[in-house]
Amino acid sequence: MSDKIGTKSLLEKKPKCRMLNRFSDHVTGGGQKAIQNKKRLLAASDDEGSWRGGPAAGAAAEDTGSSSSSSSSSGGGERQRQGARPPAAPGPLDGMWLLVTSCLLLLNSWTSPAHTEDVGTSLYFVNDSLQQVTFSSSVGVVIPCPAAGSPSATLRWYLATGDDIYDVPHIRHVHANGTLQLYPFSPSAFNSFIHDNDYFCTAENSAGKIRSPNIRVKAVFREPYTVRVEDQRSMRGNVAVFKCLIPSSVQEYVSVVSWEKDTVAIVSENRFFITFYGGLYISDVQKEDALSTYRCITKHKYSGETRQSNGARLSVSDPAESIPAILDGFHSREAKAGQLVELPCIASGYPNPAIRWIKDGRPLPTDSRWTKRITGLTISDLHVEDSGVYICEVTNTFGSAEVTGTLTVIDPLHVTLTPKKLKTGIGSTVILSCALSGSPEYTIRWYRNTELVAPDDFISIRGINNETLLITAAQKSHSGAYQCFATRRAQTAQDFATIVLEDGTPRIVSSFSEKVVNPGEQFSLTCAAKGAPPPTITWSLDDEPIQRDSSHRSNQYTMSDGTTVSHMNVTSPQIKDGGVYRCAARNSVGSAEYQARINVRGPPSIRAMKNITAVAGRDSFINCRVIGYPYYSIKWYKDSLLLPDNHRQVVFENGTLKLMDVQKGMDEGEYLCSVLIQPQLSISQSVHVTVKVPPLIQPFEFPPASIGQLLYIPCVVSSGDMPIRITWRKDGQVIISGSGVTIESKEFMSSLQISSVSLKHNGNYTCIATNDAATVSRERQLIVRVPPRFVVQPNNQDGIYGKAGVLNCSVDGYPPPKVMWKHAKRCSGNPQQYHPVPLTGRIQILPNSSLLIRHVLEEDIGYYLCQASNGVGTDISKSMFLTVKIPAMITSHPNTTIAIKGQSKELNCTARGERPIIIRWEKGDTVIDPDRNIRYAITTKDNGDEVISTLKLKPADRGDSVFFSCHAINSYGEDRGLIQLTVQEVKARSMNLRWTQRFDGNSIITGFDIEYKNKSDSWDFKQSTRNISPTINQANIVDLHPASVYSIRMYSFNKIGRSEPSKELTISTEEAAPDGPPMDVTLQPMTSQSIQVTWKAPKKELQNGVIRGYQIGYRENSPGSNGQYSIVEMKATGDSEVYTLDNLKKFAQYGVVVQAFNRAGTGPSSSEINATTLEDVPSQPPENVRALSITSDVAVISWSEPPRSTLNGVLKGYRVIFWSLYMDGEWGEMQNITTTRERAELRGLEKFTNYSVQVLAYTQAGDGVRSNVLHIQTKEDIPGPPAGIKAVPSSSSSVVVSWLPPTKPNGIIRKYTIFCSSPGSGQPAPSEYETSPEQLFYRIAHLNRGQQYLLWVAAVTSAGRGNLSEKVTIEPAGKAPAKIISFGGTVTTPWMKDMRLPCSSVGEPAPAVRWTKDSDDSAIPVAVDGHRQIQANGTLILRSVKAEDSGYYTCTATNTWGFDTIIVNLLVQVPPDQPRLTVSKTSASSITLAWIPGDNGGSSIRGFVLQYSVDNSEEWKDVFITSTERSFKLESLKCGTWYKVKLAAKNSVGAGRISEIIEAKTHGREPSFNKDQHLFTHINSTHARLNLQGWNTGGCPIRAVVLEYRPKGTWAWQSMRANYSHEVFLTELREATWYELRMKACNSAGCGNETMQFATLDYDGSTIPPIKSAQGEGEDVKKLFTIACPVILATVGVALLFVIRKKRKEKRLKRLRAFFGSFSSKNNRSFDTPVKGPPQGPRLHIDIPRVQLLIEDKEGIKQIGDDKATIPVTDTEFNQAVNPQSFCTGVSLHHPALIQNTGPLIDMSDIRPGTNPVSRKSVKSAHSTRNRYSSQWTLSKCQASTPARTLTSDWRTVGSQHGITVTESDSYSASLSQDTDKGRNSMVSTESASSTYEELARAYEHAKLEEQLQHAKFEITECFISDSSS
């Protein structure tokens, strides 16, 4: 069939429907110059279709026009011309024609769209030099994949062994974008397979698969190290060298960054030099250099740690004669070419030695790259030839020394693989050459699609170093990406090439068309073909090869894109040169042909015709070899019957006979061609057709086969001419009998026999039958079903608790087996019943069938069964046992404990895990070694499954008050427990008493008794120390309680009895640190970042004094935390305490301990209790969000999980939000889908549409942060039908067809195809024409007058031809009335843009075009001005369109024979109207707003922008709200605070006008104190306890209470700040003293104040009297001063207030004068206020910010001129009937509501910009129907009995707060005189002022009354502004 494609395309084309404007139809943009060049070559055609420019030009040009075009720059075109110029022909004319046709063909190639195969995929390396990554274990590393591709490639990581890597939770993760991440890890988690291994990354797409070089990934641990600098000696004037000595274990990672001299950084200048390798050189050493110390500073390359060395000193001696001594040198250096290297060489000696450098035995050559410095020899820009042996000779008069070292310069390997991209045909020979530069001694390896290439029958590797890869007879399977890797030591370099092997069958890409020429009129035919390998083109005429001679010349050449171009030039054509010309393109793969007739004028005749062989079942064409032109007709006969005589025969007008589905018996025979050359004269020739029958293969199938079966497949040919040859192929390769495969062939049958089926027999088998007629084949697939078998069997293995584990199991078979894992518990050594393993996020099956347990638990222990089945044979299974190894874990240890100084203390630590377990104790960061410190002893004992280790302190001392830690270590892990030890020093709580004995009662004292008690107790609770010896006058009282007051008395005894008690002695003991911890500690998570801690004070008897405060220790107990406590401190406030820990991590577990402290110290801490902060929404979006368009309506979105630390809860799933973005800027509906996977498929998308996509993660708390907007476009599809089509006659032989673009183009329209068919002509196929996507009409010429034609159009995208339009019928007419080919309809455009309304017309004579615009019931002609313009082609241009340009436009085209009209409805989109904003609900922390959108301006609203700020601030915050919302809740607001809010809508045009600013207040007020509540709950002589429950919060939480107190009569206040709690203590008060107390409680709404007085008790607990007034002169002066001060202050305040009010009055009056000047406003804001009550007299409504006026009363409406912005109000306005009961008539001014049906009666200015005023004359609305107004002024004229010349204004702000009505007012009055100006200046007084005045004054400045108002006699009796709550 391929050899007839060109013929069919020619014969089915109607010759009379010719294209006149092909060239102009196919050029856009930069191609205009090409259009002009083409037009210079072409002229109008005659009826036969020839071009005046000559047949060559005509043919080439017509052919060129048939292909689509795209613009190209002239520069690019010139380069292509130069690169593809054909060889010159011998003759000058030939050369000219060749040049013309070549240029036209090149122009065609430049302007034709690229074939899909040319828009290829590609692979590339982002960074192929990445070969080593070293990182710190405490930091981790992220490694992007060095390889990539376009379109997006699949990126995967492997170990160097080829093993696919998997995610290890918290250790290793491969992100969706191909980034490999290794997380920070502890030393115990080190795994050499993960943290010290070679990796490589691959990128794969349809172009192939490439791999990066191996990347060495190595983790470096943080390990302790020190750096040292040794002291040095030097002579004065000599050189000193300091070196920084770095331990060899870290030398690779640590480098010197600076040196310090006496802590000051040394700058490398003057005498101090820092070498490239970190040494410090001091030249010209001086004595003062010995006074300093020198230190080096180092930095770890990966952990960033810095170290400072010890300080080293320099010993400087006086010069002494000495031979040179080398201080610094080198042995070998290795550096890369192009780098800089420093070869150190420095020596000491006296006299100072001279230095000479020698390279390879010769002095250094003169080269600017060599620089000799004091630090040595520096060589920059290294070359390979700089390698060698360098000698540094150091000499002075006493001797010499030398440094010998080797420098090796390495030239980095560089690989170049050619060709980079090769596209060729199957069967070709492919040669890849790998060229290397750089260091020698390399090895080369070849890879194909990342697999090592092994030589076989097709592939060989040649060359000395294997640098050439040769593929012979390349097959399709050899396509892919080839890489050449060169390796030398640690260096690796690579390059790659992509090879595409395709079906290289030639295809004709450019051809010639039919034409008529005169004898001697030269013509040129062009034929271009593509194929792989490039084809060869041959020419024939009427099936006979054209012989090259002086008249027939042909040539061909190949262009850069592989296109073969051939020209056939006929210089002096004769009649015999007419006929059917055929170009045939052939290569090793196949052939293609194209043919067309060239008619040479002259007497017609018929060439002798050769017999034809046709193939049965196919179509055959028989050309009547007529030459000469013109002739009347060509007819065919068979057996004397005129053809066609059946449906399988077609005779075309050019004389070709087509036989379809040729049949042997019916179509074989003699055919006669008869040509009518004159009305009664015919000529004829006959031809014999022989029909050959091709083979027909009976269908056969392969039965399902299993391994080992016998297989017999027959291939039977049921029909076909003999002889028939039958062969077999497998996967394209010929099958040869052998290796168990036998082929037996007979005359018409061949059988394939396989004695034992195996896996290698899988494949596609083809039976090929060939005879003289054709070659046919039938292909079937053999699938060998293979039962499952184990590739890797499960084996017993260990899993580590808490770590990831993989249970290996790998199977293969065909079909691929399904694997199921089962689990069973162990019972008496045997498995119990197996159950399927539940696959959760923790457990999943890997692609290789292994089972991954991300976090091994103890419950995972047991038997596992890997079971595989694929329906072939029996299932297989294998069990294994998983042993869970427990890493060492600390299970029990005290968090805090107390020891007594001097006493022994034991610390216990319990651990469990796999044995053996080692438990190590540390004090702080130091390991405890009992052998070195005998004060510590460690014992360990086994206790069942646990190990208990005890650390004994013998004894404890003060230095032990630190954190101790026990570390449990075994082979599987490590854990530690922290213990805070507090060592208390116990002071003897005793008292030493001394006494003297007075009178002994005349009897010897025999003893003493001492009694003591707590002072507040009675003596009934006394304690005694008795029978104290009389010889000792002192005694110790022990076991006293700290911080207590005791009463002590003594008795003496003699023989007579006991004496009276002594006088009581009162003593106080000192405080001691608390002995008990706080009690009842509880934790309550409050938010995601805060936990409330509550507790009670330690037991009273354990407080040992006044508790001053508490320390709260908290630490994160999540994995990876450091375990250290953070400490916060707070003052004590009472017996019960509350503290909120803020700024915690979200959804994290915290442990909390509490300690109390007093003056003496800190007591023991409470036991640690844990709590977890609440869940929150994820704080980061999903990572690596990627979008891939799969089809025209399906896209796949993928992402990776956000960092776990940012999930802030349990991840519930993901939400994908997406919406479409249309070409006109409109947004589609926002949609979302949820999923638990990290991938989502979006289906049902619109074709070739841009979508915006965002992804978020959500938890139980709600949706997290959205990802950045990702844009994706669905793929192209075939377009829909054109939206409209019309056809009109333009002349007697031509018509014009026009159409509208498809409503759904589904892609970029590449061109339009126009179809022209004449049903009555008998022509079977329509003619086709093409035009560029910009042109929406086409003129078809050379039609027959009076004949009907069917026309239809289809659009074409890159996906193909779209649906056909409707068919229209048209016939050319002699009279061509005016017709409009443009379309009417609705046109939408944004405002302020230029708009074109086309009105193209046709007709003869040319029609006149007129535009009108509908206005009411009439049509007004469109006036041409600066805004409107009508072009010559009838297009109406409207510049900067506005809303008033909207409307119906009519275009009328008229000529002599008729007229035609179209109507265009123009809709101009403008920004949306302002929304109507209200407050619907408020709370203490939120304000809920609702709104009604205004007019959308003709474009759907895309969203709203809400702005809000605190009332006294201008810092506005923005909130973006979706278009579907009609309410919004502002949350997290301050309690009891006024807020300002405004709202604007947005559409595709832009943001609309802002709504009015409304104000709203959150609930709440400042705190107040309830005086009925007792403030003081306890007062003694030194303390007072306050109960703050009397403070009323006002609805807002009290942030703090500030207390200030002082003794009365003093000046200094003492202050303290307390949390709002129940009780507060005032301590250290004076006994028996009156105090003043003032309190200030604050919340977000404000502060409340309260003052009190209180008195402390006397020392004995008694109260003190009130303060008495003192008498005397001093007291009188004090009283006078006390009274006079307030009076003076009040007087000054009144005066100051008077001045301020006077100033404010002057400002107000000044604004008021301006207000009465005029009243027009241009502000864009509006205010609304409800109007209540019954209607009053006539009202004048004034909108302050917008110039809108209306007059309304009960009876009727007064119209105001549309163009007026002001209105006079005179006495006539008040002369209407007045209610006799009313005292005044009034005029009320207010702004109406925004709702249309209650809107303004006369709207003086449209609210939308770009519009003219619109008068609404017939709307009536009572006040009760209006919703709200922003302002209302009432002007009242009172009766004559009232003074008529007084103007007063009363401003009111009326609102409600918690049911309380608040009214603020401001009034003023003025007397009006006849003189307007005087009246303005007669303001006399201000009665009151309010805070609202300034706001109202600002409104005044925008609304100024017209002067005519001065002629009225009225009062402004009310004017108020309110929000929606008024």
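Going from the start of the chain as shown, residues are counted 1 onward.
Just so you know, glycine gets a Cβ as well, placed from its N, Cα and C.
Keep in mind that what you see is a predicted model, and the values were worked out from it rather than measured.
Going by TrEMBL, these are the annotated features:
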REGION    23-90  region 'Disordered'
COMPBIAS  57-73  compositional bias 'Low complexity'
DOMAIN    213-315  domain 'Ig-like'
DOMAIN    324-408  domain 'Ig-like'
DOMAIN    412-500  domain 'Ig-like'
DOMAIN    506-599  domain 'Ig-like'
DOMAIN    604-684  domain 'Ig-like'
DOMAIN    788-883  domain 'Ig-like'
DOMAIN    977-1072  domain 'Fibronectin type-III'
DOMAIN    1077-1176  domain 'Fibronectin type-III'
DOMAIN    1181-1277  domain 'Fibronectin type-III'
DOMAIN    1281-1376  domain 'Fibronectin type-III'
DOMAIN    1366-1455  domain 'Ig-like'
DOMAIN    1566-1666  domain 'Fibronectin type-III'
TRANSMEM  1680-1700  transmembrane segment
REGION    1800-1826  region 'Disordered'
COMPBIAS  1817-1826  compositional bias 'Basic residues'
REGION    1865-1888  region 'Disordered'
COMPBIAS  1865-1874  compositional bias 'Polar residues'
Mind checking which residues reach the transmembrane segment (1680-1700)? Cβ under 8 Å, same chain, six or more beyond either end.
none
Given pairs 6 or more apart, does the domain 'Fibronectin type-III' (1566-1666) have at least three Cβ pairs under 8 Å with the domain 'Fibronectin type-III' (977-1072)?
no
Listed stretch, out of 213-315, 412-500, 788-883, 977-1072, 1077-1176, that has the most CB pairs under 8 angstroms to the domain 'Ig-like' (506-599):
412-500
So are the domain 'Ig-like' (213-315) and the domain 'Ig-like' (412-500) touching or not, going by 3+ C-beta pairs under 8 A with a sequence gap of 6 or more?
yes
How many helix, strand and coil residues does the domain 'Ig-like' (506-599) contain under DSSP?
3 helix, 54 strand, 37 coil
For the domain 'Ig-like' (788-883), how many residues does DSSP put in helix, in strand and in coil?
3 helix, 52 strand, 41 coil
Predicted model, mean pLDDT over the domain 'Ig-like' (1366-1455):
88
DSSP says what for the domain 'Fibronectin type-III' (1566-1666): how many helix, strand, coil residues?
3 helix, 49 strand, 49 coil
